[in-house]
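Listed features, source TrEMBL:
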type    : residues       : note
DOMAIN  : 12-149         : domain 'Cupin type-1'
BINDING : 43, 48, 53     : oxalate binding site
BINDING : 46, 48, 53, 94 : Mn(2+) binding site
């Protein structure tokens, strides 16, 4: 059943089935997620600290990619269509975006942990509580402090349900 993708600014809804929702997964080392994408919706850059993810597109088209670790920070991406599969290695920052302005997309993700965790990068960096010092972030991102202040003032959406 399609999930509501209009409840957040990113235009996606991640429904995770992990050990907290299905205790029978305990000790099996797996979990599953359904991701619904609005037209032009995305599952924003995030990482799973305890799992590799295998994404299968069920409907629509997705632009997906990930970045390798330091020092290379190589960006690998691909446009995926119905039936295509893409692997995101454990712990690496990755995303999916629906490039179609008219049609939604749906994918299923299998994760190699009963509790994969999710760190949404923008939420963690700009939406932490308490906030990370704007001096620290301005230097790290090489931007003015007022830019960091503006980013920290945004409402950071959670698309995981």
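Cβ coordinates are placed from backbone N, Cα and C, and glycine is handled just like the others.
As a whole-number mean, the pLDDT of the domain 'Cupin type-1' (12-149) in this prediction is 95. Counted within 10 Å of its Cβ, the other Cβ atoms near residue 48 (oxalate binding site) come to 23, all protein chains included. Residues 47, 51, 66, 88, 92, 93, 116, 118 surround the recorded Mn(2+) site, their Cβ atoms falling within 8 Å of the Cβ centroid of 46, 48, 53, 94, which are themselves excluded. In sequence order, 33, 46, 47, 51, 55, 88, 94, 109, 111, 116, 118 are the same-chain residues whose CB sits within 8 A of the CB centroid of 43, 48, 53, the residues recorded for oxalate being left out. According to DSSP, the secondary structure content of the domain 'Cupin type-1' (12-149) in residues is 22 helix, 57 strand, 59 coil. Rounded to a whole number, the C-alpha distance linking residue 43 (oxalate binding site) with residue 94 (Mn(2+) binding site) is 9 angstrom. Taking the Cβ of residue 53 (oxalate binding site) as reference, residues of its chain lying under 8 Å away and at least six apart in sequence are, in sequence order, 87, 88, 94, 109, 110, 111, 112, 116.
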